[in-house]
Amino acid sequence: MKTTIANLRKGEKAIIKDFDADIIPLKLLEMGCLPGNTVQLLQIAPFGDPLYLNVNGSHLAIRIETAREIEVDCITK
Amino acid sequence: MIQDILTYLTLAFAIVFLVKKFFFKKKKTNKNCGEDCNCQ
Amino acid sequence: MTKQNINVALIGNPNTGKTSVFNQLTGLNQQVGNYPGITVEKKVGFCKLAHNINANVIDLPGTYSLNASSADESVVIELLLNKNDKLFPDVIVVVSEVENLKRNLLLFTQIKDLEIPTILVINMIDRMKLKGISLDIPFLEEHLKTKIVLVSSRKNIGIEELKTAITTYKTITTEACLNASSIDDDYFNTLRKTFPNQSLYKLWLVITQDVNFADLNRKTLENESFTKSKSELKKLQQKETIKRYQFINDTLKTGLNIDSSIATDFRSKLDRILTHKVWGYLIFFVILFGIFQSIFEWSKIPMDFIDSSFASLSTAASENMPPGAFTNLIAQGIIPGIGGILMFIPQITFLFLFISILEESGYMSRVVFLMDKIMRRFGLSGKSVVPLISGTACAIPAIMATRNIENWKERLITILVTPLTTCSARLPVYAIIIGLVIPDKYLLGILNLQGLTLMLLYLIGFGMAILSAYILNKVLQLNCKTFFVVEMPNYKLPMFKNVMITVVEKTKAFVFGAGKIILAISVVLWFLASNGPSKDFRNAETIITSKTENATLSKVEIENKIAAYKLEKSYIGLMGKTIEPAISPLGYDWKIGVAIISSFAAREVFVGTLATIYSVGGSDNDNTIRNRMKEEINPETDQKIFNFASGISLLLFYAFAMQCISTLAVTKKETNSWKWPLGQLVFMSSFAYIVALIAYQLLK
């Protein structure tokens, strides 16, 4: 099974892999969510959604169904 | 007499103001919709 | 020597302190929108740069890029593409923030492509040390091909340098800093050949989005043979974004250095508490509760003061001016009318004060994050919280604030239900009725009953909004691709100057926007109340004197009876009497009926109307309006008109009825259809009638 942002644990960091550009809104790309950039899951809202991320230095929140579309490689410490 | 004239003047002014405000507003049509759906 | 006037456009991502820079440049020399409820579209301020150069500074809505994904952002593009707009900028100032420079520069590189002189402001440099950030300015200026000004709008650093840079804007190169067209050379070459006189990037913007600009129409582009499919265009836009980020990353590798060991972790600690599953909601609720309690508690004294001052002013006017119709108009129409407006300044000021503090501090985004999942159950978005909360000030800017909701269905539902939240125009109505029918007592020693009732009314408004959203979500059949991105800005201490400017601006908009309407309506009402069509009106003195010949009444009592009789036979009395059968099941008399008719266009007129009616109807001028209303008795039932049952019924009627023409106009504008505002009007008003009817019949 592929790993996505939705699978990350709180505090975990990962590198964004290639994703299907048609599904991801352009705005997210413009905020720095691009292949090769690092992403860290900072907080999970009550009831498990949305997710609060640090992407490439930008702090933003996205819904879990968007997060499921963004494949990542975990950085193992 | 002068009091009556002033009263009617004020009244006329107020009515003109209200009519202008509510019936002759500039109308702009603008398509301000999100891009993900079609709105009429 | 001629005076020179230049246009300066301020552009930047949200949360970069762009508005602070704007405020520092222009102070209070600002002009905002054209609505009584303040538009957010374009703000223009004036700034003297040198003794012969003045600038019109345009504060544009915050945007992340020139690819508009919301209505708010297309305002920016439309201005930048239209050379014929009289506000078309001579120079653009892109405001960025030192901590998010990477993301901020994306917009900058796009703007650079427009071939307009561009200055880059890096704001919040006072935080650089704290965050361990250092910048290589000469390197950045060379690679970004711009003039960089370091600014701290909070500490007032760099504003003079910015003014100098704007004055000398002609020295800045208009060359782009990267070649975006290399993402698809063939395509862009064809474009260049077909439209040799147009800027390539402008063409690209027009092709990819729903905008036109003066000398180039979308339609003519679409008919050309080189059109690409939507999906192909989107792929290209992504390629463009990636390319721009590559350039930015490369540039910042040398230009920006962050020593992360220095950065403090205040933010994540606060985030953990404010978005906690228990504490988060508790804190949010306590903040809301505190706001509503203080609005009522703190404004009590100034409100009473204004109310009684205007009562004595009215007496003084009628005693000291020559008797006649105009004196009466001033003493009974204009003075109480103005008093009725000014009385609500304290409450409105406090409300806007709290809202702007919540927005400035960055807390609002945490609320969005916290509430999204819950709001989605009702067909709303977490971002709907902001319109719903600012709807407590005024539905008009609140409906405009829905523009950043990406999903059209969620946005439409938010627009439709926002007018149910308790706006500040309802506050005067609530305040006066609560004051009349709810005892000024304390529950458990601390909770003021009147404040509690007010809080309850706000909750009912929210509750109804949420419930309607739930129903609408089930009923409306719209399929939208949903996505949601919200920036979580860093926490900031709200800047006193920014908060104050917002408060002053919004209060002014209420006083001069809504106030003018209220005043004009009071003048008309006074006239309708002091003139009548029939003989009965003119002969009121003789009729009453002959009726009361046998009774022993004092002179004042007879005068009061005459005045009351006159009012009943006046134009307005007849209007009120006509609708009385429809509203008496709700517990209202014809005087309240008059107030309801007149407040149809704008609900805040209700209090002014009652003030006018009760001023005309009584001869003892030194009594305040509130006392007169309190003593008002229904001749048929011998009960007070404003009793608990009719009071609650009135409160509920005003909570739900759609009585605001401006809101209907804004809904029409934002949804581009008459269907939705008409639906709001019919549904809300009939619902209000039914609820008020049930409440009165149960309580009486």
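Using the three backbone atoms N, Cα and C, a Cβ is placed for every residue, glycine included.
Quick look at what TrEMBL lists:
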BINDING   C:12-19, C:37-41, C:59-62, C:123-126  GTP binding site
BINDING   C:N23, C:T26, C:G27  Mg(2+) binding site
DOMAIN    C:5-172  domain 'FeoB-type G'
TRANSMEM  C:278-296  transmembrane segment
TRANSMEM  C:329-358  transmembrane segment
TRANSMEM  C:378-400  transmembrane segment
TRANSMEM  C:412-439  transmembrane segment
TRANSMEM  C:451-472  transmembrane segment
TRANSMEM  C:509-529  transmembrane segment
TRANSMEM  C:641-666  transmembrane segment
TRANSMEM  C:678-699  transmembrane segment
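Positions of the features from TrEMBL, shown on the structure.
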residue: C:G12; record: GTP binding site; Cβ within 10 Å: 29
residue: C:N15; record: GTP binding site; Cβ within 10 Å: 20
residue: C:K18; record: GTP binding site; Cβ within 10 Å: 25
residue: C:N23; record: Mg(2+) binding site; Cβ within 10 Å: 22
residue: C:T26; record: Mg(2+) binding site; Cβ within 10 Å: 22
residue: C:G27; record: Mg(2+) binding site; Cβ within 10 Å: 13
residue: C:P61; record: GTP binding site; Cβ within 10 Å: 22
residue: C:M124; record: GTP binding site; Cβ within 10 Å: 25
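By the Cβ criterion (under 8 Å, sequence separation of 6 or more), the transmembrane segment (C:278-296) is not in contact with the transmembrane segment (C:378-400), since fewer than 3 such pairs are found. Within the same chain, residues 35-41, 348, 351-352, 355, 358, 364, 367-372, 407, 409-411, 413-415, 417-419, 421-425, 458, 462, 465-467, 469-470, 472-474, 476, 484, 486, 506, 510, 660, 662-663, 666-667, 670 sit at least 6 positions outside the transmembrane segment (C:378-400) and bring their C-beta atoms closer than 8 Å to a C-beta of that stretch.
The transmembrane segment (C:329-358) shares more Cβ pairs under 8 Å with C:509-529 than with any other stretch in the list C:412-439, C:451-472, C:509-529, C:641-666, C:678-699. Within 10 Å of C:N23 (Mg(2+) binding site), as judged by C-alpha distances, no binding-site residues are found among C:G12, C:N15, C:P61, C:M124. Between the alpha carbons (Cα) of C:M124 (GTP binding site) and C:G27 (Mg(2+) binding site) lies a span of roughly 19 Å. Cα spacing between C:G27 (Mg(2+) binding site) and C:K18 (GTP binding site): 14 Å, rounded to the nearest whole number.
In three-state terms derived from DSSP, C:N15 (GTP binding site) belongs to neither a helical nor a strand segment and is classed as coil. Rounded to a whole value, the Cα-Cα separation of C:P61 (GTP binding site) and C:T26 (Mg(2+) binding site) is 17 Å. For the domain 'FeoB-type G' (C:5-172), the model gives a mean pLDDT of 83.
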